[in-house]
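Copied from TrEMBL, the annotated features are:
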type     : residues                      : note
ACT_SITE : Asp95                         : active site, nucleophile
BINDING  : Asp95, Asp153, Arg225, Trp229 : substrate binding site
ACT_SITE : Asp153                        : active site, proton donor
Amino acid sequence: MNQEEMQLQWAEDKWRQIIAKVDLTSRRIGDSFPYASIDGQYNNELADWWTNGFWPGLLWLIYRETGDQRLAGLAASVESKMDAPLQEYEPLHHDVGFMWSLTSVARYKLLGEPDSRRRALTAASHLMGRYNARGKFIRAWNQPERTGWAIIDCLMNLGLLYWASEETGDPRYRHVAMEHSDMALRELIRPDGSSCHIASFDPETGQRLETIAGQGYAADSAWARGAAWALYGMALGARYTGESRYLDSAKRTAEMFLSHLPEDGLPPYDFRAPLEEGMGMDSSSAACAASGMLEIALLVPAGESGFYRDAAAGMLSKLDQRCGAWDDAGEEGLLRFATANYPKRAHVNVPLIYGDYFFAEAICKLRGHRELFW
């Protein structure tokens, strides 16, 4: 049995465990909005929370293979409950990509539901409307003092814009996605592949003002999940546009990520935080980065592909060994030891729904799936 065959066999075993665990968890949380597991149980957020797409996205991954109508019904119900913030408009932010790609775009791709298409295009139009033409960035958040803020996370939201251009034939969505990506290449991602979390601009002139630490240790540090957003987001940009500059950026960030891993092979919360800060690891960063590296593996020449696939598979295996909660009936999450926001001490060393989603998505990729919900 060669390396790829062993990876496939391992991934099949993990996939069966994912299905069993998610099925059990779904019987308690149903069509709620889980974010962080607290004392073994996922909490329930409000309908406008930025991570609300990941639970239905996880359900759609399983439905795609099993045809489980109960899980599909739960995912569709979550999507329907998100109509309130979509119609209210003002609570929306740049994370409409996270929210409606994994709900409405996923359901539309799988089932062709016209209501899901409408919701996804509405969300895409909102995201496009957040574009600041002077600074060539998409505004992240809504607070007046943050009008000029752009963040690295938004690269993962751009798939919604690329999809909308392909779906409607309107190039404006793609234009905005590429303008924001090019801004990120200039202002957020450093030549060594690391990135800052936040760049602040004068919203009137577009002038770059400062770099802000945000969820990272410092403005000049290297927040691991920011790196994961950057490498996966740029890989998606390369997949949609064919532009080599996006693929090159994704590869640089992937190489930075891999070269800074400690001996246990799993990323710290911030690659450049002093050890005495005690920030620990972040399993969600590893899961997202692994899925992004598997995307890179599909885009590079055949001679390079194995490097990224093997790196991703190795990281997923280490996540399984150290963080997997498969045999813990008292834990609803799939992966332990994720951290949402260490500087604010928010949800430290707990399962997070996006870590669970990206782990499952990466396992699907190892098993040969090429279709994405992004």
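Keep in mind that glycine also has a Cβ here, set from the backbone N, Cα and C atoms.
This view paints the features noted in TrEMBL onto the structure.
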residue	record	DSSP class
Asp95	active site, nucleophile	coil
Asp153	substrate binding site	helix
Arg225	substrate binding site	helix
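Non-local neighbourhood of Arg225 (substrate binding site): Gln215, Tyr269, Asp282, Ser284, Ser285, Cys288, each in the same chain, at least six residues away, with C-beta under 8 Å from its C-beta. Surrounding the centroid of the Cβ atoms of Asp95, Asp153, Arg225, Trp229, where the record places substrate, the chain contributes additional residues within 8 Å, namely Phe98, Ile151, Ile152, Cys154, Leu155, Met156, Gly226. In this structure, the CA atom of the residue listed as 'active site, nucleophile' is 13 Å away from the CA atom of Trp229 (substrate binding site). Counted within 10 Å of its Cβ, the other Cβ atoms near Asp153 (substrate binding site) come to 23, all protein chains included.
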